[in-house]
Amino acid sequence: EQMSGKEGLRLQKLLPKEVKDLNDMFWMEFEEMRETLENEGRWFPEWNSLLRNIEVRSAPVVEVTSISNTDDIYGSEEGLTIEKIFEVIPGTPGEMKSLRRRVLENDLFRNSFFSEDGRRTGIFVELAMDEDDSEILYSTYIALERIFEENPGIDKHYIAGFPIVAATLRTVIDQDTQRFFPFVALLAVFFLWLTFRRPSGVAVPMLVVGFSILFTLAIMVVFEVPLNTITSALPVFLISIGVADGIHMFSEYRENRIEGLPREKAVCLMLDKLALPVTMTSITTAVGFLSLTVSDIVPIFTFGIFVAVGTLLAMVLSLIFIPALLMVLPEKVSASQEGSGTDENLSRGVHQVNFMDRLFQKSLDVMTAWVLRNARPVLLAALAISAISIYGLSQVKVESSLESYFQADAPLVIANRAMEKLSGSRTINIVITKTGEEEPWKNPDNLKVVEEFQEFLANEPRVKRTLSLVDLIKRISYAFNENRKEFNRLPNGFEFLESEEIFEENGQTEKRTVKREISGRDLIAQYLVLYENSGGDVLSDVVDSEYLNLNLAVTISSNSTTEEEKLLQSIEDYAVRQFPQGFSMTSSGMVPINVATSNEVVTSQIRSLSGSILAVFLMLALIFRSVSRGLMGMIPLVFTVLFNFGVMGFFGVHLDIGTALVSSIVIGIGVDYSIHYLSSMFHELADGTELHDAISNTVRRSGKAITSNAVTVGFGFLALSVSEFLPLVTLSWMIWLTLNISALATMILIPALAVTLTDVLKLVPSQND
């Protein structure tokens with residue numbers, strides 16, 4: 001009720017005095033209201049959007065068009081007649097048969113208001129609201145459904161169109177948001193408990209994650225960033241990513257405590273060893289997600305920014321609050337036992353997980369020993385898998401379709417199929433311009449170029465219908481010439497018009513048929529004047545007022561961006577080959593938008609992937625102060641990315657708005673494993689430990705943390721599998737798979753590289769204390 005930035009000013013006080021009631025506002029034109037307020041000096045620019053919002057919500061429907069209120073053009077005794085197809089609903093079988101024949105013989109109606117078999121009809125509703133206004137779109141959808149419920153008698157009805165897609169996505173987002181957070185939180189709690197078997201091992205990471213999510217969402221609110229199909233998954237990502245630092249830090253702290261260190265010293269050593277890796281892993285993760293901002297697709301751009309923000313917030317909170325929490329959370333340690341390593345409670349906790357720890361550690365030790373003995377074959381096998389994955393990459397297809405976004409039995413998908421059968425569900429608006437003459441679209445020669453173009457389009461398998469000024473002129477010609485089929489055509493360059501005239505000769509009168517020659521241009525001009533004078537009102541839909549730009553509307557039946565791109569390319573090729581000099585065209589509408597979005601997915605994938613790989617490599621080289629060691633840390637990541645695309649290619653997973661995120665996500669998160677593994681190994685080498693022992697110690701201290709991290713984070717992403725939005729479902733299992741592959745590749749490829757390229761990487765124990 002309060003205006004933005006104007007505290008205490010209520011809408012009623014802003015209205016002119018003659019508007020006595022708030023309801024009167026809904027009957028005022030928006031421009032009239034603004035002008036009145038401006039004249040009284042009480043208008044503020046920020047109220048434009050508010051009043052527009054009120055106007056839309058008071059009258060959300062601009063126009064409803066159906067067979068019941070559509071004009072028919074036909075010839076009668078009075079000449080050209082334009083009137084409704086029927087004023088009274090046909091009540092007898094004969095009247096219905098007559099109506100059907102009349103509708104189906106009219107080219108302007110076919111595959112629009114009626115299907116060719118006459119069994120389906122369409123009602124087209126033009127809405128006033130923006131496509132982003134999903135709340136009112138959903139309300140409108142519910143209102144339309146209620147109309148059908150309150151008026152039974154129709155066998156089946158379907159409501160489709162892009163506004164319904166937006167409304168459905170809003171519903172899916174709301175449902176997903178309610179389900180994602182508790183599900184992934186429970187999974188994280190479960191795996192943290194499984195890993196540490198201590199309340200503090202669960203509470204410490206989850207508190208950090210909770211605050212990072214809260215702060216990130218608060219920032220989104222401040223900057224008025226709405227949730228969409230991608231950003232609705234933010235809590236899942238932030239929980240999954242946020243627990244990673246907590247797992248590593250608590251694992252290190254726990255190892256220190258088990259070794260008998262006092263609490264304060266255990267915390268200090270934990271920070272001494274992990275402060276840099278935690279900082280760098282968080283920064284590299286943020287960089288990986290920020291690489292998504294090169295995309296022109298707004299949801300992906302927004303997603304990349306705020307996951308990066310949340311990751312950095314989690315880092316700050318981890319480095320500040322985890323040490324503080326570890327210092328104050330009770331451990332039930334007596335004063336005499338503090339620092340002795342014999343704390344009864346701590347010892348009991350260690351022994352409770354001792355068997356599982358030993359079993360798991362034994363598995364890691366066996367795997368590492370096998371890798372060290374077979375380093376070269378392991379690397380050759382990795383090269384072979386990479387080569388196979390590259391072939392799989394070549395098979396990846398870019399595809400985006402409505403039916404691939406939702407389950408096959410979803411009401412939206414079923415309605416879309418029904419729309420496909422009626423008139424097609426996607427449009428291409430082609431604006432054709434002819435330069436070099438005045439009012440070119442009154443020239444029959446120019447119109448025949450468009451007619452040939454439409455004939456070409458009609459032969460395309462996916463094209464259901466085309467409509468342009470050509471069709472309107474042909475219908476007017478048909479009606480003007482007594483509804484004779486031979487005149488359902490464009491005028492030629494010159495035409496002969498027959499008319500009966502009365503001649504008086506020798507005192508007698510007689511009727512004679514007279515033929516007069518008229519140019520096709522003049523005849524078309526007369527047709528159009530006659531049409532407008534008879535009440536025709538669709539001329540502005542097919543040509544501008546100066547007859548410079550002609551609009552050709554093409555409706556297609558397709559749910560494949562691959563097919564749509566081929567059609568658009570075919571249209572472009574035709575224009576280049578067949579259009580005479582002076583003709584040009586531009587395309588717009590849902591089909592070009594879908595194709596452009598699909599292509600942007602590919603280009604943004606290439607840009608973001610290249611950017612994230614380069615940025616992460618530079619950061620690894622900077623962290624370890626060595627280009628070769630930076631490359632060493634990148635190899636598991638590159639292997640995982642190739643493996644990811646190989647899986648997509650071999651299993652027919654298309655590259656779309658969801659799967660395009662996977663590689664950058666895996667690089668952003670997977671680099672953590674490389675940093676922690678290499679940091680621990682280099683730390684051991686710096687302490688003078690031999691390489692094989694350094695690797696074994698690294699696996700003992702970091703192996704479980706890396707594995708637990710991958711499992712916990714991976715299963716956290718599996719929470720997305722409960723979504724009704726199928727790209728998120730695919731995204732969930734692909735991230736789960738690739739994160740675990742990344743962790744496995746880190747613990748296999750890095751030790752194999754270390755023992756194979758020891759001299760190149762200068763992996764020798766330090767001689768310094």
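Glycine is no exception: its Cβ is also placed from the backbone N, Cα and C atoms.
TrEMBL assigns the feature transmembrane segment to one of the listed ranges (229-253, 354-378), namely 229-253. By the Cβ criterion (distance under 8 Å, sequence gap of 6 or more), the transmembrane segment (710-735) is counted as touching the transmembrane segment (229-253), at least 3 such pairs being found.
Most Cβ pairs under 8 A with the transmembrane segment (203-223) among the ranges 180-196, 274-294, 300-329, 631-651, 657-675 are made by 300-329. Note on the domain 'SSD' (206-328): DSSP counts are 108 helix, 0 strand, 15 coil. Among 180-196, 300-329, 631-651, 657-675, 741-761, 300-329 has the largest number of CB pairs under 8 A with the transmembrane segment (274-294). The transmembrane segment (657-675) and the transmembrane segment (180-196) are not in contact, since fewer than 3 Cβ pairs between them lie under 8 Å (pairs 6 or more apart in sequence).
In the domain 'SSD' (630-756), the DSSP tally of helix, strand and coil residues is 112 helix, 1 strand, 14 coil.
Residues 169, 172-173, 176-177, 180-181, 184-185, 188, 192, 195-196, 200-201, 204-206, 208-209, 212-213, 216-217, 220, 266-267, 269-270, 273-274, 277-278, 281-282, 285, 299-300, 302-303, 306-307, 310-311, 314-315, 318, 322, 326, 657-658, 661, 665, 669, 672, 676, 701-702, 704-705, 708-709, 712-714, 716-717, 719-720, 723, 725, 727-728, 731 of the same chain, all 6+ positions outside the transmembrane segment (229-253), place their C-beta atoms under 8 angstroms from a C-beta of that stretch.
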